[in-house]
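Pulled from Swiss-Prot, these are the features on record:
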BINDING   ASP8, HIS10, ASP41, HIS196  Mn(2+) 1 binding site
BINDING   ASP41, ASN78, HIS113, HIS194  Mn(2+) 2 binding site
BINDING   ASN78, ARG79, ASP121, SER159, ASN163, LYS166, HIS194  substrate binding site
Amino acid sequence: MRTLFIGDLHLSADRLDITQAFTRFLDTELDDADALYILGDLFEVWVGDDIALPFALELAEKLKQVSQKLPVYFIHGNRDFMLGKQFARAAGMQILPEVTCLNLYGVETVILHGDSLCTLDKAYQRFRKLRSLSLARWLYGCLSKKTRQGIADKIRSNSKSSNQQKSYTIMDVEPNAVDALFAKTHTKHMIHGHTHRPAIHLLANDCQRIVVGDWYEQGSVLSVSAEGINLQSLPFEHTT
């Protein structure tokens, strides 16, 4: 048996090929799985459970079917931090704290989306602190659907423009932040996404940091079992 980790699918109505690839994954890759963990940014944008698009509602039904066979866990990302209990319940997902510790086949492991580790990106960390406030989230939820969508579109546009000007280092995790989280959680393995740079990093003190990749051009899945870890790519099946 094995436990699977994915993240950064950025599903949207504009990229239904990714949704189709994810659906195939759910149909074919979970027979021997103990659990599925989704480490944030399942959706490209999420402005509230009350305006979920049809493709997202169909996906919720699919995830609900999966959850009847194995547990499905979700950690918020920076694109879908407004995903709430209503959609999670419809999808059969259990929402976890943004930093969660697990014992994976005898190895103490911490999992998270990963944006909190990019501490050199000061502007983003200020925004992240603001949107984590309960009051800010509540006020945002009180806005009209049109206004929320407009704000989300503006944030996405500004983020894309800003990221094009940021250095590779600023947009990656900061080593001191990684070390601090290992020390705080007393873990040996760390699993996260967000950076879109899939890799297995071997660190000091027998620690490992595993980064799951995005799903823009191909799928990325981390499989963890008692035998070890396997970070693999899943090519998309292009149909005509």
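Using the three backbone atoms N, Cα and C, a Cβ is placed for every residue, glycine included.
Remember, predicted model here, so these are calculated numbers, not experimental data.
The structure, with features from Swiss-Prot marked on it.
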| residue | record | DSSP class |
| --- | --- | --- |
| ASP8 | Mn(2+) 1 binding site | coil |
| ASP41 | Mn(2+) 1 binding site | coil |
| ASN78 | Mn(2+) 2 binding site | coil |
| HIS113 | Mn(2+) 2 binding site | coil |
| ASP121 | substrate binding site | coil |
| HIS194 | Mn(2+) 2 binding site | coil |
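Note on HIS10 (Mn(2+) 1 binding site): other Cβ atoms within 10 Å of its Cβ, all shown chains, come to 20.
For ASP8 (Mn(2+) 1 binding site), the nearest of the binding-site residues ARG79, HIS113, ASP121, HIS194 in terms of C-alpha separation is HIS194. Fewest Cβ neighbours within 10 Å among the binding-site residues HIS113, HIS194, HIS196: this applies to HIS196. Recorded residues ASN78 (Mn(2+) 2 binding site) and ASP41 (Mn(2+) 1 binding site) have their alpha carbons 6 Å apart, per Cα-Cα distance. The subset of binding-site residues (HIS10, ASP41, ASP121, HIS196) lying with their Cα within 10 Å of the Cα of HIS113 (Mn(2+) 2 binding site) consists of ASP41, given in sequence order.
When the C-alpha distances from ASP41 (Mn(2+) 1 binding site) to the binding-site residues ARG79, ASP121, HIS194 are tabulated, the minimum falls on ARG79. Each residue contributes its Cα atom, and for HIS194 (Mn(2+) 2 binding site) and ARG79 (substrate binding site) these two points are 10 Å apart. Cβ atoms within 8 Å of the centroid of the Cβ atoms of ASP8, HIS10, ASP41, HIS196 (the Mn(2+) 1 site) belong to the same-chain residues GLY7, LEU9, GLY40, GLY77, ARG79, GLY193, HIS194, ASP214, TRP215, TYR216, site residues excluded.
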